[in-house]
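Colleague: Below: one structure in C-alpha cells.
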C-alpha cells in the first residue's frame, strides 16, 4: 500500500527543519579579506620548535611518580630553571583536529569540518605555518596534511608514517613518537650534506612541528593511569631532550631557537575525549628558549577551579608561577616569537607573561594583535550589514506558555535528554501501570513479569556511561545468558502450537546460537590478545565481519510466526551487539527485549480489558498474514498511550546505557573486534550500528503491537509524529527557560543542538525503522529445498 500524501508532506517538512539546523550551525564562521598584521620590530627568535603531545593531560605531565620523582624530569628541569609554564584551556569538541587548529591557526574549529571527519579543510584558513618562511613537520597523516593543504606556495613540508601505524592494539604505541624523533634527528644529520636544505634550515621564520600521537593512542588503549601511558610520557621527555640537543648543536647554540611543548586536548580517566570535563580541556604548556620569560618564583597560588587545585598539589613545591590562558592564545605567541604575521582568523590574545622582551616590543605586539582582531570585526560587520540579518524571538513567549501545560510523562521523556536518571523514574511509573488500570486482575502472571522487567531495565540509566570501565566478564555472561534463553525458547517452540514447521527452521536457530557462542569467544579472545599486546587476531577479525554481514539476513530465513520471528531477530542482533560491547551494556538488549515481549502480551490484555477485540492467540499469530486492511479497527484513546510507550522505549534505547549524543561517550574499545587501526568513519559507522540495534528491537516490537491490536501502522505513526513534534518544542524551551541555557551552541553537543537534532530526527528515523521492522517481520526468504518423489 502506498504512503498517504500527508505523511510524505509531514516527512518533508521535518527533513527541511532538520536540514536548517545544519545550514545554520554547520556553515563556516570564517571570514576573508583581512589585511595581514605583523609586529614591526625584529623578533627574538629565528626559528620555533613546536612539540604537540597528543592527548597529554596537564596533571599527568606535572605529577610526581610514586617515588616522588618527576614524571618528565627534563621538562620539569626546564620549567624550574629555563622557561615559563602554565595551563591552557581548550574548547569542546576536545578532538585532535580542533585542538591543532586552535594551537596553530588561533581560532576554534570550523564545525563544518566534522562532516569530513576532521581531516580536510571545508574552508581554507590561515595559520602560523602558512605565514612562516619554511615549515617542516613530522607525525600523523590525520593532522599534518591539513596545514600543508591550506598553505599558500610550497613551503610547508610533511613527513608522515602510514595510517596503519595508528593501531590501538599495537604492541607499543610509543613507537609512533620514536618514529618522529628518529626521523627528525636523521633529517638534520642528512641536511649537512644537502646545501639547499642546509641553507633553508638556517633562514629566519622557520617552524619545526613534531606531532606525537603515542600518548593519545596509549591513553585510548590502556587509560591515562596505566603504566603504558606514563611510560610514553617518559619516552617523550627523553625524545624532546635528544631533539633539543641535536638542534642546539646544529645551530651552534646561537640562542635563536624558541621551544613550545603543549597538547591538543586531555583525556578522561576512562580513556576518551571530546566533551568538556576539565581532564579533557586543561592541557599543559611549557615554553623556553629565545624570547621566552624565565621562571617567576611565587610563594603560593590560588585557584578557583577544583581540578586545578588538584593539579597544583603535585607541583606545589616548585614555587614557580603557573600561567592560565586560552588555547588559541598560543598562535599569537608563536607568531610574536618568530616575527610572522598573526594568523588572519586568529581570535587569540597574546600572553605577555611569556615574553622576555622590552616594553616597546610588548606594546607593539599587543597593538598588532588588537588590529588583527579588529580587521575580522570590520569584515564581519560589513557582511552582516550586507545580508541585513534580523532576528525575531517573539515566538518564544507563546511555546513557553504551551510548555507550562505539558503533561508529566512527556516532560519525563524530554528531561531524559539532560538527565538519564529520568528514564528510571519513567520505567518505575510504567511498572505500576497494570495496577493503576486494573489490568493485573486478569493477567497476574504477565503483570508480574512486566513489573520485574521494568524495574530491572530501570537500573541501566543509573549505571555509569558506557565506555568508562571495560568489563569483559559481563559481556561473556550476556552471551552465555542468551544461549541459555535460546535453549529454553527452542524447547518451547518444539511443543504444541509453537512447533516449528521443518528441520530447516531448526537449523536457522542453531546457526544463530552458534553465532552467539562464536561472538562470545571472539570478544574474550580479542581482549585477552590486546591485553597481552599481541594485536587483533586475524581469525577474530574475519569472524566479526562475517557475523556482521550475515546476521542481518538470517531472520528472513525463520518462520514468520510472531514469537519465532522476534526470537530470531534478537539472536541475530545480539551476535553483532556482543562484538561491539565492552561491559554491562551487553545485557541491555536482553532485558529490553524481555520487556518488549511482555509489552506485547500486556497490550493484548489491555485490548480485551477495554472490550475492543477478542484476545487472539499470539502463539499462532503470523506476521505474513497480518496486513489485511479489512481487519483494522478505528483509533481509540488508549492508542495514544501505546504511541507514547513506543516513543519512550525509543528514547530509552538511545540513552539507556549512555549519552550517545556526546563524542565523549565513544570508546574505541567497542570496535576492537572489527579493527584497531584508527579510522574515524569506519569506527563511527560501527558505533552507529551499535546505537541502532536497540532501536530495531523496539521497532519490531511496536510492529507486533500494531498488527496484534488490529491497528493500521499509519494511524499510530501520525500519533507518534505529533508526540515527537511536541517533544521538539518542549526540548527547546525547557533548555531556554527551565535549564537556563538560552543559546544553542555546537561547542556542547550533548546540551544544545544535539537535542534539537535528536527530536527532529525522531520522525524521520522512526519512519525508516518502521519500514525496516516490516521487512524483518513480514518477509521470508525461501531457500530451495529438495522435494520427495514417489514412484507409482
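Note: Cβ is positioned from N, Cα and C throughout, glycine not excepted.
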Colleague: Quick one: which of 472-494, 610-632 does TrEMBL have down as transmembrane segment?
Modeller: 472-494
Colleague: Considering pairs 6 or more residues apart, do the transmembrane segment (472-494) and the transmembrane segment (586-602) have at least three CB pairs under 8 Å?
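Modeller: Per Cβ check, the transmembrane segment (472-494) touches the transmembrane segment (586-602).
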Colleague: Looking at the stretches 506-524, 536-557, 586-602, which one shares the most CB pairs under 8 Å with the transmembrane segment (448-466)?
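Modeller: Maximum Cβ contact count belongs to 586-602.
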Colleague: Apart from its near flanks, which chain residues at least 6 from the ends of the transmembrane segment (536-557) lie with a Cβ under 8 angstroms of it?
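Modeller: Contacts with the transmembrane segment (536-557): 169, 504, 508, 511-512, 515, 518-519, 522, 525-526, 529-530, 565, 568-569, 571-573, 575-576, 579, 672-676, 689, 776, 779-781, 783.
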